[in-house]
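J.: As listed in Swiss-Prot for this protein:
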| type | residues | note |
| --- | --- | --- |
| BINDING | 559, 562, 564, 566 | 3',5'-cyclic GMP binding site |
| BINDING | 659, 660, 662, 669, 670, 673, 710 | 3',5'-cyclic AMP binding site |
| COMPBIAS | 121-132 | compositional bias 'Basic and acidic residues' |
| COMPBIAS | 164-174 | compositional bias 'Pro residues' |
| COMPBIAS | 881-894 | compositional bias 'Pro residues' |
| COMPBIAS | 1029-1042 | compositional bias 'Pro residues' |
| MOD_RES | 139 | phosphoserine |
| MOD_RES | 1105 | phosphoserine |
| MOD_RES | 1108 | phosphoserine |
| REGION | 209-260 | region 'Involved in subunit assembly' |
| TOPO_DOM | 1-263 | topological domain 'Cytoplasmic' |
| TOPO_DOM | 287-293 | topological domain 'Extracellular' |
| TOPO_DOM | 315-336 | topological domain 'Cytoplasmic' |
| TOPO_DOM | 360-378 | topological domain 'Extracellular' |
| TOPO_DOM | 400-413 | topological domain 'Cytoplasmic' |
| TOPO_DOM | 437-464 | topological domain 'Extracellular' |
| TOPO_DOM | 487-491 | topological domain 'Extracellular' |
| TOPO_DOM | 518-1201 | topological domain 'Cytoplasmic' |
| TRANSMEM | 264-286 | transmembrane segment |
| TRANSMEM | 294-314 | transmembrane segment |
| TRANSMEM | 337-359 | transmembrane segment |
| TRANSMEM | 379-399 | transmembrane segment |
| TRANSMEM | 414-436 | transmembrane segment |
| TRANSMEM | 492-517 | transmembrane segment |
């Protein structure tokens, strides 16, 4: 303001006359700053501002201005004292006009008195801003301060003036003094001009400060405070401050309904009303003397509080319905209260009974004491009942408190409602009980009232109250009449009144309780209503019972008895709160999923916010192979099976995900996924998937790498993914740390797949496995004939064979596998692994000691298939090297057996040794890591026969020729003609020529006639030449090595030799052993009934499907020997002569055989022949217990001999 020109300042000073009172106050504040600066303003401006005051004479004013303008130095030196006097005088004049800025100007003036004028101006403005910011505008109550105190600072100011003025060295000093005097006189004239008032100014100032502090504190209690309830009601702290300003501007002593004062006052009145409504009925009814001192004091104090409350209601703001507006205008408050509850509150607050007693006692004491005493007492008691009208006030306050609790705590609101309802019912019962006794008491207890009948007129008030309350509650609950039925007319009417009131209260209580219970569990009620609609829908469309049950189960698992509109609930929340809730709901999914555990938390949050919850039932196909993929899924709970066309099945459990491959390649589904249990999944759409991965390229790379690894595990490839991953690796987009994270995610995914395989293998293991010897019966063409032969009848002699011995064959269409696929069926493999490795051993399982088709045949199964690379951890190394006598042979291991046992200690060693090198000849890239190192030629040579052993001779060996000489070439796996991508189906490995095997020592006499004209088994590739990478040559023969007791197919089917038999395992009672002679006769019957094999049957056998290579199908083709040679024992047939099981017969296999039912070549005799070129099969035999007795090898019968 000091920098403004005088004309502009004059215009600003004239603004309060044109604007309202608020602008006047603001102008005074600004002018107060100038006055505190040292008195440089013209005193004539003060006359403009104080227009109601008589202005000084113009000559004096002109002299003042001239003196100030003539001597500026004297003004500066005298400025502090003069400014203190001026600001104090004018400031106090302004203060009682309603401006709080006068305090700041006074403080600034006093501060300026201690220093220069500029310092005083700075101190004044800072102090003024601090006071205004702390207290706001002045309350209207300050306008009522007595004006006589306005001259309070005048005496100190005038006293300070001579002290601050130097001796009369400057001529303008008297003019300055004369300039000061009119201002002071003017101020005194305004405030009354009394000289005596100057003597009491210091005490008045102290009183004013104390009263101002108390007034401010009490005024703050009348305003709404910044608490939880106020913030919830008004929305923000700024809104609460605006409401406080409304209270200040509304007038003097206006109480806000949400203020702290009103809160505590209502609480006090609530407790006082409850006490009155309980004590007053008891005192009126059961106590005759009401003029005792305690009773009078209680009534007087209560009436006084209620009268004060009546007055405060005129100054308390009224809340309009629905909290839309709060009325703070005093006139509107008064009119609204007078029209509503004023009459009731006034009557209940006035002590009418005491007023009546005072008036009556002054009329005539003698009359009062005699004739009118009883009537006056009765009327006084009736008038005292008017205090019970305070119940209306109690109901209003309780309702207000319910609103407060409802706005603050929802659960507390429900509890308060129930407590209020119960309390009101008990209060009505209390009143009704007092009424039941009050009516007979006012009638002076007539003879037919219930009090006289029961003889309780002179009893204690406690006993009278108890029976009266019992009678009232019996009426109100409609359960009786108390001790007896009413007799008098007054009792009858009272009983009817009690019944009506009680029935009303009972209905209200039931209704409120029901509504409260429903409100406490609204989600369950909503679910029940929804499911009723579903039941009506199913009935309307007449759905079958199975479908209805599935719908019921789905609703139970999906909603679990509670239904929420989760999308709308989350949509109404803020984004940070919504993300926090979603992260909490999906915490189990994140904890069980390695992908999220190794990912960026921002990526996890972005992914979770876009997930959608879904539930699938067992048997539901979540995705189907060949369809267009629009979603991927994350498993929270449940187990799913991943199925491909090659029957390659994989299990996925909690924490896994699937369906991301087609989202990455924008192609079609590569596999089908079926739910095995109830699955709770989270789905992610393709749009959201791409949106998230655009922000996190490293996670896209992780998804692509895991997808490639999964495709490789199921034997498929995707060039698009391979090209993307290879491009990222070559370009070096990701650093070392990111690549490590991606590799860790891939390793976790593999581990989860292996865990799922272990769970599946454990689940498929049964206590009594189905004999696998009967599996080919379903797949063979002569199924019906085999089922009716005596072989089946003979085998059914054993009581331990399961009923479901014929199992259905696997589905057709399994031969169309890609070049990179692993041709094996995990389900078939896992059903064989536990039975072969653990549960099929006769010694380890007592329930199977007498089963003819047990562990030894499972070893044959293990010898005829290859396992995918992911299954090597499933094969326990403890069962890979059994003792030599596991199948009846003496404990003298051969060198090749020891070599195989040593090699089988690794994860996949016993499978590789059993297959005899078929893995090494396969071109499948998936099996490359599983191939062991090169083996020595000695390991591929057949072992010599054990001197004391049975030699492993069985029934079938009597139909076979002796092994060929060393000139007979052996067959290599490559000469079977399979493509490079498929696994080799042959079981022989090693050099092209196999050393000559030793001769068999003996042949059983009862089968001697069946060996004539027999020739070795030979296999001829259809193409004539081997594929590239294999040694070409003419058709090779598989030499028939002498069978060992180690687990070859031949040894499994041959009867025991004449060597000393080992100790027999004791059989169960009532189970006769099967004799070899009977089995031999049954075998002759079957083998004689079968036709001969055609020559070109090898064309079909060479293209055996990958699935059939894992099955133990006993069908095979027999061909003439490629080259002649003298066998070491027994006569050989002529060259080129085909032979069957019986001389002169040809065993044929039908040409039209599906790939799913084709047996693998060498499934029986091939394994026997392979035993001469590979390690023994004892590595796949089950482990026996240390103390278990060995069981002799029983003959096993193939189904299509």
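Placed from the backbone N, Cα and C atoms, the Cβ positions cover glycine too.
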J.: Summarise the topological domain 'Extracellular' (437-464) as counts of helix, strand and coil residues per DSSP.
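T.: Final tally across the stretch: 14 helix, 0 strand, 14 coil.
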J.: Averaged over the region 'Involved in subunit assembly' (209-260), what pLDDT does the prediction give?
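T.: A mean pLDDT of 80 is what the predicted model shows over the region 'Involved in subunit assembly' (209-260).
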J.: Looking only at residues six or more beyond either end of the transmembrane segment (492-517), which have a C-beta under 8 A from one in the stretch?
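T.: Residues packing against the transmembrane segment (492-517) from afar: 414, 417-418, 421-422, 424-425, 428, 432, 435-436, 439, 472-473, 475-478, 481, 486.
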J.: Taking the Cβ of each of the binding-site residues and counting other Cβ atoms inside 10 Å, which one has the highest number: 562, 669, 710?
T.: 710
J.: Neighbour count, 10 Å Cβ-Cβ cut-off, for residue 670 (3',5'-cyclic AMP binding site): what number do you get?
T.: 22
J.: Go through the chain and flag residues at least 6 beyond the ends of the transmembrane segment (337-359) whose CB is under 8 A from any CB in it; none is fine as an answer.
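T.: Result: 296, 299-300, 303, 306-307, 309-310, 313-314, 318, 376, 379-381, 383-384, 386-390, 392-393, 396.
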J.: Are the transmembrane segment (294-314) and the transmembrane segment (414-436) near each other by the rule of at least 3 C-beta pairs under 8 angstroms (pairs 6 or more apart)?
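T.: Judged by the Cβ rule, the two regions do not touch, with the required three close pairs absent.
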J.: Can you tell me whether DSSP puts residue 566 (3',5'-cyclic GMP binding site) in helix, strand or coil?
T.: helix
J.: Translate the DSSP assignment of residue 710 (3',5'-cyclic AMP binding site) into the three-state scheme.
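T.: Its secondary structure by DSSP: helix.
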J.: Please name which of the binding-site residues listed here, 559, 562, 564, 566, is nearest in space to residue 673 (3',5'-cyclic AMP binding site), Cα against Cα.
T.: 559
J.: So which residues does the topological domain 'Extracellular' (437-464) touch in its own chain, when a touch means Cβ under 8 Å and the partner is 6 or more beyond its ends?
T.: 281-282, 284-287, 378, 381, 471, 482-484, 486-488, 490-491, 494
J.: Taking the mean position of the Cβ atoms of 659, 660, 662, 669, 670, 673, 710 as the 3',5'-cyclic AMP site, which residues outside that list, in the same chain, have a Cβ no more than 8 Å away, listed in sequence order?
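T.: Everything else in range on the chain: 623, 629, 632, 658, 661, 663, 671, 707.
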J.: Rounded to the nearest angstrom, how far is the Cα of residue 710 (3',5'-cyclic AMP binding site) from the Cα of residue 566 (3',5'-cyclic GMP binding site)?
T.: 35
